[in-house]
Structure formats: C-alpha cells, structure tokens
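Taken verbatim from TrEMBL:
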- 19-40: transmembrane segment (TRANSMEM)
- 74-91: transmembrane segment (TRANSMEM)
- 103-124: transmembrane segment (TRANSMEM)
- 130-149: transmembrane segment (TRANSMEM)
- 161-186: transmembrane segment (TRANSMEM)
- 206-230: transmembrane segment (TRANSMEM)
- 250-271: transmembrane segment (TRANSMEM)
- 291-309: transmembrane segment (TRANSMEM)
- 321-338: transmembrane segment (TRANSMEM)
Amino acid sequence: MTFSSPADGSRAMRAPMPFILLVVIFAALLIAICGLSVMLGPRTIAPADIVAAFRANDGGADHTTVLSLRVPRTVIGVMAGMALGISGALLQAMTRNPLADTGVLGINAGAAFAMVLGIAFFGVTSASGLVWFSFIGTGVTALGVYSIAASGKFGATPLRLILAGVALGALIRGLTAALVLTNPVIFDQMLSWDVGTLALIGGGRITVVLPFILTGLILAASLAPALQILSLGDQSAKALGASLIRTRALTLLAVILLTGAATAACGPIGFLGLMAPQMARAICGAHQPRIMALTVLIAPAILLGADLMGRMVMRPGDIDVGIVMAILGAPMLIYVVMRRKVAAL
C-alpha cells in the first residue's frame with residue numbers, strides 16, 4: 001500500500017498556482033492597456049485629470065473626451081475582443097482546426113453583408129435592429145462554409161474549410177462593396193465601420209450588444225469541458241458519452257451570438273480569433289477551459305493594443321483597428337500554416 005506524504009498533498013494543492021499566476025498577469029496587463037486606452041489619443045490626458053473628469057459634470061473638454069469618447073471606445077474594445085477571441089477558440093476546438101477564425105472563414109463578412117442588406121432594403125439603421133441581421137448573416141455564412149467544405153468525398157477537412165471560407169468570404173465582400181459603393185446613404189454609414197473600428201461608438205450601441213455577448217460568453221464557458229472531450233476525436237468523445245450534435249449546435253449558437261454582436265458593434269475585425277487562442281494554447285497547452293480563460297484576457301488586450309497603435313501612429317488622426325489587426329494577423333496566419341500543424345489540434 002502506498003501512502004502520500006503531506007508534502008505530496010501540499011504539491012497537489014499548489015499545482016494550479018502557475019496558471020492562476022498567468023491569469024493574474026494577463027488580467028493586470030489588460031487593466032493597464034485599458035488605462036492607456038483612456039489616457040492616450042490625439043491629446044494625452046493625465047490620470048489625475050481622468051479621475052477629475054469622472055467626478056465633474058461640467059461638460060469640459062476632459063469630461064467629454066473621457067466619458068463620451070474614450071471610455072465607450074475602451075469598453076467596446078474589451079467586449080468585442082472577448083467575443084471575437086472566444087469565437088475563434090470555439091471554432092478551433094469544434095473543428096479541431098488551428099486556422100479556424102471568424103475572419104478567415106468569412107463569417108465576419110457574412111454578418112457585415114447582412115447588415116448592409118438590412119440598411120439597403122429594409123431601412124434598418126438602429127443598432128437594436130441591425131444586430132439581428134448580423135446574427136442571421138453569421139449563422140447563414142457559417143452553415144454555408146461548412147456545407148461547401150463538406151460537399152466533397154473527403155469531407156470538411158481543415159484545409160477545405162479554410163478554402164471554402166476564403167472563397168465565400170471574398171464573394172460576400174465583393175457583394176458588400178458593390179452595395180456600399182452604389183448607395184451614397186450606405187456609403188456614408190459604412191465608410192469606417194466596414195473595415196472594423198472602435199471609434200465613435202456610443203453607450204447606446206454598447207447597451208444593445210452587451211446582453212448577447214454576456215450570454216455567448218456564459219454559454220462558451222459551459223461548453224469548455226465538452227469541447228475538451230471533443231478534442232479527443234469523435235469516436236473517443238462518443239465512447240465517453242458526449243453528445244456531438246448538441247455540443248456542436250450549442251457551440252455554433254455561441255459563435256453566432258458573439259460574432260454577430262461584435263460585428264454589429266464595431267464592424268468585421270479579422271484575425272483576432274486566430275491570434276488570441278493560438279497564444280493561449282502556446283502558453284497552457286491543449287486544455288480547452290484554460291485556453292478560454294486566457295483567451296478572454298489576451299484577445300481584448302490585443303484589440304485595444306492594436307487600436308492604440310492606430311491612434312498613436314497617425315496622431316492626431318488614427319488608423320482603424322481592423323486595418324491594424326490585418327497587418328498584425330496576416331503574419332500569424334502564415335506562421336501557423338508554415339508550422340504544418342493544420343490537420344488537428
């Protein structure tokens with residue numbers, strides 16, 4: 001008979017600490033970037049002046065800049081970052097494809113196209129109305145990409161999913177551009193939003209998308225254990241009693257909620273769902289709950305960092321965050337492909 005010593009028990013209790021420390025570090029990093037997002041811009045505002053702006057209600061320049069512009073921009077950056085990052089983690093876990101991302105698969109483009117249709121043919125301009133078109137576009141595009149990829153005799157392999165997503169996304173973006181360029185009203189509304197932006201987003205739009213993002217995040221957290229089992233392969237997951245259809249259906253629902261809401265708020269931002277889960281996986285390994293826990297901190301930090309880069313490079317103007325993310329994300333996509341680990345996670 002083998003007895004464990006108190007030291008063994010102590011080591012077992014201390015085992016989670018390294019991961020907890022990682023969570024604390026990335027949480028602190030996110031908080032620091034949020035602070036910088038409020039401080040920096042065309043005009044730098046000192047921390048003391050930010051505190052005074054929260055206390056005062058005098059309509060002064062600092063009060064307006066902080067509460068009406070930079071705080072909403074930071075809040076939507078955190079929300080959209082979490083939503084898009086977790087969407088990518090869900091897709092990668094569900095498809096066992098490290099290249100899966102709502103931008104790469106064309107899902108963001110589908111959401112944007114549906115919103116343009118809502119404006120052009122149904123006269124919908126409010127955030128509360130457009131978010132539903134975004135959900136429809138997200139769901140239809142995701143199903144379309146999977147159907148195209150699964151149509152051949154080899155099924156929806158990782159490479160076929162990427163090719164189907166890139167092809168369908170290019171078609172959808174072309175149709176979106178045609179509608180936007182031929183309709184002056186849509187052109188004015190979509191000029192900056194169509195490439196992805198955190199600027200000029202008021203509290204009303206945040207209020208509209210917040211319930212959907214929170215619901216999607218809670219659903220994603222509840223699916224993490226099932227997705228961990230799914231990562232073992234369909235046969236092993238079935239042997240362990242997992243419901244593949246239920247897990248994939250709920251995962252797709254979470255992706256629709258998160259991607260649809262984020263796209264409705266700030267436009268189609270690509271590569272974030274690829275970058276953040278890849279970084280989380282490199283840090284903590286193929287452990288889905290931990291990947292999601294780190295992704296929910298890493299993704300908004302990346303998005304706000306990219307937004308800060310766009311603001312600081314072109315001061316007093318700025319570069320839309322969607323453009324910065326494309327510049328940062330394309331090398332990551334090439335790197336993942338070059339590693340030749342596309343077959344499975």
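Residue 1 is the first one shown; counting continues down the chain.
Cβ coordinates come from backbone N, Cα and C, glycine included.
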**Q.** Ranked first among 74-91, 206-230, 291-309 for CB pairs under 8 angstroms with the transmembrane segment (130-149)
**A.** 206-230
Q) Do at least three CB pairs under 8 A connect the transmembrane segment (321-338) and the transmembrane segment (206-230), leaving out pairs fewer than 6 apart in sequence? A) no
**Q.** Distal contacts, the transmembrane segment (103-124) - CB-CB under 8 A, six or more residues away
**A.** 91, 130, 133-138, 140-142, 144-145, 161-162, 164-170, 172-173, 175-176, 179-180, 183, 185-186, 189-190, 194, 255, 259-260, 263-264, 267-274, 329, 333
Q) Looking at 19-40, 250-271, 291-309, which one has the highest count of Cβ pairs under 8 angstroms to the transmembrane segment (74-91)? A) 291-309
(Q) With CB pairs under 8 Å as the measure, which of the listed stretches 19-40, 161-186, 250-271 comes out on top against the transmembrane segment (321-338)? (A) 250-271
Q.
Cβ under 8 Å, sequence separation of at least 6 from the ends of the transmembrane segment (291-309): give me the contacting residues as numbers and ranges.
A. 22-23, 26-27, 29-30, 33-34, 36-37, 40, 73-74, 77-82, 84-86, 88-89, 93, 198, 217, 220-221, 224, 269, 272-273, 275-277, 279-281, 283-284, 319, 321, 324-325, 328
